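According to Swiss-Prot:
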- 18-99: region 'Ubiquitin-like (UBL) domain' (REGION)
- 126-165: repeat 'WD 1' (REPEAT)
- 172-210: repeat 'WD 2' (REPEAT)
- 221-260: repeat 'WD 3' (REPEAT)
- 295-335: repeat 'WD 4' (REPEAT)
- 337-376: repeat 'WD 5' (REPEAT)
- 382-422: repeat 'WD 6' (REPEAT)
- 450-487: repeat 'WD 7' (REPEAT)
Amino acid sequence: MSEGSNSTSAAASTQRQVRVQLTSKQEDIALPENTGPILVPTGLRRYALSTLVNNLLGNDKPIPFEFLINGSFLRTSIDEYLTANGISAETTLEIEYVRALIPPLHIASFEHDDWVSSVDVLSTTSPAASLASATIAAGQERILSGSYDGLLRVWNMSSQIVATSPSAADGGHTASIKAAKFISPNSIVSAGLDRTVRVWKYSEDGDGFSGKIAPQLELYGHKGPINSLSVHAPSNRILSASSDHSIGFWSTKKSDAPAAPEDLLPSAALRSSKRRKLNSSVTIPQRGPLALLSSHSAPVSAAIFDSNDSTVGYSASWDHSLRTWDLVTATLVDTRTTSHSLLSLEHLPEHHLLAAGTSARHITLIDPRVSATTIAAMTLRGHTNAVVSLARDPKSSYGLISGSHDGTCRIWDIRATKTDKDGVVGESVYSISRKSLEEQGKSEAKRIGGEGVKVFGVAWDGTVGIVSAGEDKRIQINRGEGVLSSA
């Protein structure tokens, strides 16, 4: 008797149904507005739901979908979700569907002579072009790289070098470059171990195969290596993060900038007669900072502008703290102290969050608003070494890419979460390894700590894709159409 009742109960559970209202914020895949709630078995999982939506849309070629309930991805059956969240099957369940991840495939790798520390992209969709209302023709996108050999290079999409910055003798960097960005289609900024921020004029010949990176302005103020740069082109402003524990606030226009501190300028005694001779035709204006922001007690790894308000800046440091600055008055507004050294920083403005990569192998999402009651809103786990570079998904407010010394880049969707003893934890939705390992036949091999393949910099562009730079002396480009759903 009991066996029969058990089988009846199991059948009832299997046959249990729930009303679901399927919606999408993406117009091209949305169901008609008059589509009402649908009765479905609670045993359905993602694949069956995806089939259902494709049938309702009448798609000849199925589109893989992901499903969100209350802002989090469905990773179980509907029944398990209802049970875990104490929701009655009598309620109508709102389920949002979005396009599933398309793995970002390897497109190309550009080889260098030395480690590549930094990358940036110039395309119609990149900030440098869109803020300048410039149109970059398809196929004419450019990639900027900064290298440990002290040189900047601008590449075309066919892996050809269009332009290289001058050597130290001709007005270039005198040590390794750690950061490089396009300010506009004809302006570049870079910084590194020589403690200077340098602004360059970029121009191309009519054939599009050759160009010039010419020194335009040298900015002095830091007393230690510069680790990262952030640019706000409309206001002609730059932020720099330095190992001297300070943040530099600069103007890209020499007419706005104060005189450079005399004690930091290259001493005349250090200039050899050979260099003087070479430099006789190169006269580069030298200026100082608008302000040096000092409060951190250890090297500053990153400094960025608030995405919505360029008068606000944020900095992350090895001293474990995230600091908010009023850039108009050059004053400290707020300090958030975490448990680990912070090595990288990115703003997710739609969610009022800052993502900070840490020495403890994870990414902490921090709400910088004074009203926030907790420091860490969420933790993203998956890397096995320090997280040293972050970039926002240009097409989704939920997306983030991270570059790590473990030799991988990871794509995150902050809706892909689980809850454990440490609170809300995010899991990466895709991991990108270095193509150089695969070519050596070691794609499955685990490099201890990412030895030889550390990722130093990453950029995510809406046109070109994910561009990463590393210890393998390469820029690597990966692209997957609509990697995350937009929102």
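Glycine is treated like the rest: Cβ placed from N, Cα and C.
Same-chain residues lying 6 or more positions outside the repeat 'WD 6' (382-422) and placing a CB less than 8 Å from one of its CB atoms are 68, 71-73, 75, 101, 104, 125, 301, 343-351, 353, 355, 357-359, 361-363, 365, 428-434, 437, 447, 449-450, 452-462, 466, 468-470, 478, 482-487. Among 126-165, 172-210, 295-335, 450-487, 295-335 has the largest number of CB pairs under 8 A with the repeat 'WD 3' (221-260).
Mean predicted confidence for the repeat 'WD 2' (172-210): the pLDDT average there is 96. Counting residue by residue with DSSP, the repeat 'WD 1' (126-165) contains 4 helix, 14 strand, 22 coil. For the repeat 'WD 3' (221-260), DSSP puts the residue distribution at 3 helix, 20 strand, 17 coil.
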